[in-house]
Amino acid sequence: MKGTRFFFLLAIIWGTLASVVYLPNELTIFLALLVPLFSFTLGWNRRLFSFWLLTASFFLYALWGNNRLNQQTHQQEENKTFRLLVQADQVKVNEEGTVSGRGVDENGQKLLFFYRCHNQAEVTKFDLLRQPVKITGPAERKTIMPATNDYQFDFKQFWRSQKVTQQLSFQSVEIQEVEAENLWQAFYFKVHQAHKTAELFANRLPNPLRDYSLSLLLGSKESQLYEHNPQIAELGLIHLFALSGLHVSFFLTAIQWLTRSLRITREVSDGLIAVLLPIFYLFTGAPVVLFRALVAGEIRIISRNFGRPVPGITVWSGSLLLSLLVYSQVLLTMGGRLSFALTFAILQLGHMSYWKRGIYLSLVTFPIILAHQYAWNVWQTLANLIAVPVFSTVILPATLLGYFIPGLDRVMNFAVFLFDKTVETVGKVPGQIVLGAFPWPSLLLLFLLPWFILAANKKVKGLLCGFGLLLLMSSHLLVRFPVNGEWTTFDIGQGDAAVLIEPRRRSVTLIDTGGKVSFGPAVSYKVRQQPESASEKKQRTLKKQEGLARNVILPYLHARGISRINTLALSHQDQDHIGDARVILKNFKVDQLVMPAGMGSLPAYQKKIRPYLRGTKVIEATDQTRVASCPLKIVYPFETGTAGNDDSLAWVGRLGGKNIYTAGDLDQAGEKKILEKYPGFAPDIVKFGHHGSKTSTDEAVFARWQPSVGIVSAGRNSRYGHPHRETLEVAAREKMIVYNTQSQGMLRYVYQKNHGHFEVTLHDPAGLKSTN
């Protein structure tokens, strides 16, 4: 018992220390100050001294690892010739000729790399890679870009957890085959070659068996499972498809059954498993969460064969300790948190019935999922209760049989199809509740409550459940009805998108959606394609046409507890302003859509917007239109037009004691017309027209208006040179403060009554030279 507590506390404290070293914030600092105090429950003795000696050693190890990553992160950007060792299963090439992947340079540093092929021959060469190669060529090395919007997925932090901080952009490449230099490298190369071969075989299977095989058996990045069926994530079933303990347990059971059938002794069977587990781990790309299952499996085999039974808690603690030594940031990932939280909870729930256990596990995972997705599906608990046994008894065996046994693929695909279709159907039943981004004390208490409930008596359980419900409701109300209002300009790339949320959320107005802008004629090369149905091809095409709204606007609005938009305003018909309207209309209830008069008859509206309207009221507006449930007023256009730049909707309003003005891509002529018709209006805060282009921002108009703040919404390394020098010169003459999404990321004007101030997401312009 003492040993169990020793290792459990050691694992928990190591986890908190690693978290605060690699990602210091209010939550990790609080835990790092509080949790180590529990070590004194071990008593004042030699065990406590040993405990803190081990803890101090790990803390120094974590500091050293973090310092190494910081040194990598701050490497100077440079252009030179790089050589990367790249495994074939870590390279992807698409039909646009873009190659991406991971490699290792001559110093052993892991790097992401990108390359744009110049012809079909280069595309084919990458597409046919089957063995490790050296890629050599001139490249620009940059630091991986951080998230530039609040609540956006942070690729820099994600790759940092994989010990990758830099990326290369090759201008040209030479590809050379490489030979192994030693036995270990030869084995490592063979494992990756086998994985690539297995991926190619899986790609020939019918779907969804193909996606299931790639995800469940191979842990492959080529799987399009979540693109084809996003309801898997919405119903919280990701843990079934990410390689983890469930899959390891299934494979171990299968091997043990096979060895018993062949009358192989248990000792030989365990020896075989002990060797196969690490090979399977390497074969699947060495995923972090699978390492936990690997360690736990090896500990159990050792304990069983050496007559030293090890309690489940000690096995769990050992797997966490070794995981922290190899992957120090494992608890900073959603997968790592879910994996260790669920496995620890399962150890405590052996006495519960299956249904009670399922409900309890949902309570454990709820705050972890909410912290990342800001929403909860009411069908999630029921879906997991039903899906888990079906998955382990039917789907995993069907996937294995369909993959390995010739002739069974069509039959097994039908079984997998039924399961996949059921998940999709259930996921589409209304039930998702957008709760928002709770403050960290609320999330921490919601995570701790299930453990207290488990240990409490019946009377206290009721009180704790009531407290949890009260905490949930109060946290949601704080998010749903904020005291402050905000006018937020998203860093959406080369485009426009901004949201206005009134105090107490009296209304939500989204102005433009951004969209993917194509430059020049589309290039399409022949690449090895996975077989796909017509619906899958259509879905893939639509996905390719999307901009950043799904990754930027959706998570931000969900974090703000928003599932309904009162007004979606589209300034004009350009792709970089309306291209992602489909994403918004499909994911939010939109009461009314406002666009310039005359746009409704244009192909852009008919094709990109109209098919996705679901009871949304459409308003084609001029300056005479009054829009309900919107705090802004339209001052342009004056008449019906063709929804071009010169017909852009111009909105004005008063927020936090300041007059604001935003007008899409309206040109100087339009600005002059507004000044002429509304001479009494003078904005304090202006979003520069046309992303800061010299075609907008008339010098005479701004001399009359005399605004104090200007906002530039433009893409980094803009091909159009936005913002233009002429615009910045006008701003300088008017002594304006200029905020720019290119250098400061998302821009928030936060206001209350007659006061307001700006907040920016990024504070280090030097870090903005990099781009993904």
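Note that Cβ sites are derived from N, Cα and C of the backbone, with glycine treated the same way.
Residues annotated as transmembrane segment in TrEMBL: 49-66 (among others).
Marked as transmembrane segment by TrEMBL: 237-259 (among others).
Residues 89, 161, 188, 191, 194-195, 198, 218-221, 242-245, 247-249, 251-252, 255-256, 259, 264, 301-302, 318-320, 322-323, 326-327, 330, 333, 335-336, 339-340, 343 of the same chain, all 6+ positions outside the transmembrane segment (271-295), place their C-beta atoms under 8 angstroms from a C-beta of that stretch. According to TrEMBL, the feature transmembrane segment maps to 271-295 (among others).
Among residues of the same chain six or more beyond the transmembrane segment (315-347), those with a C-beta under 8 A of the stretch's C-beta atoms are 4, 7-8, 10-11, 14-15, 18-19, 21-23, 58, 61-62, 65-66, 157-158, 160-161, 239, 242, 244-245, 288-289, 291-293, 295-296, 299-300, 303, 357, 360-361, 364-365, 368-369, 371-372, 447, 450. The transmembrane segment annotation in TrEMBL covers 315-347 (among others).
Per TrEMBL, transmembrane segment is recorded for 359-376 (among others).
Under the heading transmembrane segment, TrEMBL lists 382-405 (among others).
Annotated transmembrane segment per TrEMBL: 433-454 (among others), in sequence order.
TrEMBL lists 460-479 (among others) with the feature transmembrane segment.
The annotation domain 'Metallo-beta-lactamase' is assigned in TrEMBL to 495-716.
Sequence-distant contacts of the transmembrane segment (382-405) (same chain, six or more residues past either end, CB-CB distance under 8 Å): 201-202, 205, 209, 212-213, 216-217, 235-237, 240, 246-247, 250, 254, 354-355, 358-359, 361-362, 411-413, 415-416, 419, 423, 426-427.
Mean pLDDT for the domain 'Metallo-beta-lactamase' (495-716) in the predicted structure: 94. Within the chain carrying the transmembrane segment (49-66), a Cβ under 8 angstroms from the stretch's Cβ atoms is held by residues 6, 9-10, 13-14, 17-18, 21-22, 36, 39, 42, 324-325, 328, all 6 or more beyond its ends. If you look at the transmembrane segment (460-479), the same-chain residues 6 or more away from its ends with a CB under 8 A from one of its CBs are 435-439, 442, 445-446, 449, 452-453, 560-561. Long-range Cβ contacts of the transmembrane segment (359-376) within its own chain (Cβ-Cβ under 8 Å, at least 6 residues beyond either end) map to 151, 233, 236, 334, 337-338, 341-342, 345-346, 349, 352, 384-385, 432-438, 443-444, 446-447, 449-450, 453-454, 555, 558-559, 561.
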